[in-house]
Amino acid sequence: MRRSRRPGIVLLCGVAGALALAAAKWSADQAAVALDEDYGTHTLVLLRHGESQWNLENRFTGWVDVDVSPKGAEEAANAGKLLSEANITVDQAFTSYQKRAIKTLNLALENMDQLWIPVEKSWRLNERMYGDLQGKNKAETQEQYGEEQVTQWRRSFDVPPPVISPENPYNPAKEAKYAGLSKKELPMTESLELTIKRVLPYWKGTIAPVLKSGKKVIIAAHGNSLRALVKYLDNVPEDKIIGLNIPT
């Protein structure tokens, strides 16, 4: 367990590597969330999904709907146990459209004995969209494009990978869950900068008002969608946020 730069924010790390970021006593003036002082303190838990099968296989996942591995399920359960042991409860949950985050949330809530709370899903909390890299092995991609180029796509703030081709079987336009998104909304590739621009409207318009109402919130999402929130909430510089590791 350790504290972030903001007072009241605690990192709870599970023995299997699961991570929950809990703002246990989060003053309104300590969070860049436009909450009025009248609303006092707020509780926010950020939880990255447990290890996925493609994490295990070292493949670019992005918007591909890959399941958690057995280890990932254990990590999610451990995160819930840690939160329960810390006497942290929540009133409302948010997650992405992707099963690895949804299952992680359910396993965590089960171990908190809070499966009954309302859950809202949004594509805006999905992982960063990795374009035509999705589904490819990371080591093989380095051999194809060179280590420098792949590192730039992965670690730069504003350089996205190549746009996913219409023929790519992992193109999200082929999935029913995204049928309601407009062509403008549906990303064909993203940098971290573009991911932030996708996530923040949902934070400001939907999640922040719930916190402002006094409810305690848990968000189960992905490495880059959570980086987007941490950058905003903790005002992390662009050159620092790309190096922030949020483990499964």
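Residue numbering: from 1, along the chain as shown.
Quick reminder: no glycine exception, Cβ is built from N, Cα and C everywhere.
Per TrEMBL, the features are as follows:
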type	residues	note
ACT_SITE	His49	active site, tele-phosphohistidine intermediate
ACT_SITE	Glu127	active site, proton donor/acceptor
BINDING	48-55, 61-62, Arg100, 127-130, Lys138, 154-155, 223-224	substrate binding site
SIGNAL	1-20	signal peptide
SITE	His222	site 'Transition state stabilizer'
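Location within the structure of each feature annotated in TrEMBL.
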| residue | record | Cβ contacts under 8 Å, 6 or more apart |
| --- | --- | --- |
| Trp54 | substrate binding site | Phe60, Thr61, Val64, Val66 |
| Gly62 | substrate binding site | Glu127, Arg128, Met129, Tyr130, Gly131, Leu133, Gln134, Tyr170 |
| Lys138 | substrate binding site | Asn58, Arg59, Phe60, Val150 |
| His222 | site 'Transition state stabilizer' | Arg48, His49, Ser96, Gln98, Arg100, Ala101, Leu125, Asn126, Glu127, Arg128 |
| Gly223 | substrate binding site | Arg48, Glu127, Arg128, Ile246 |
Task: recorded positions compared (Arg48, His49, Arg128) - highest count of Cβ atoms within 10 Å - done: His49
Task: Number of Cβ atoms other than its own within 10 Å, given for Glu51 (substrate binding site) - done: 24
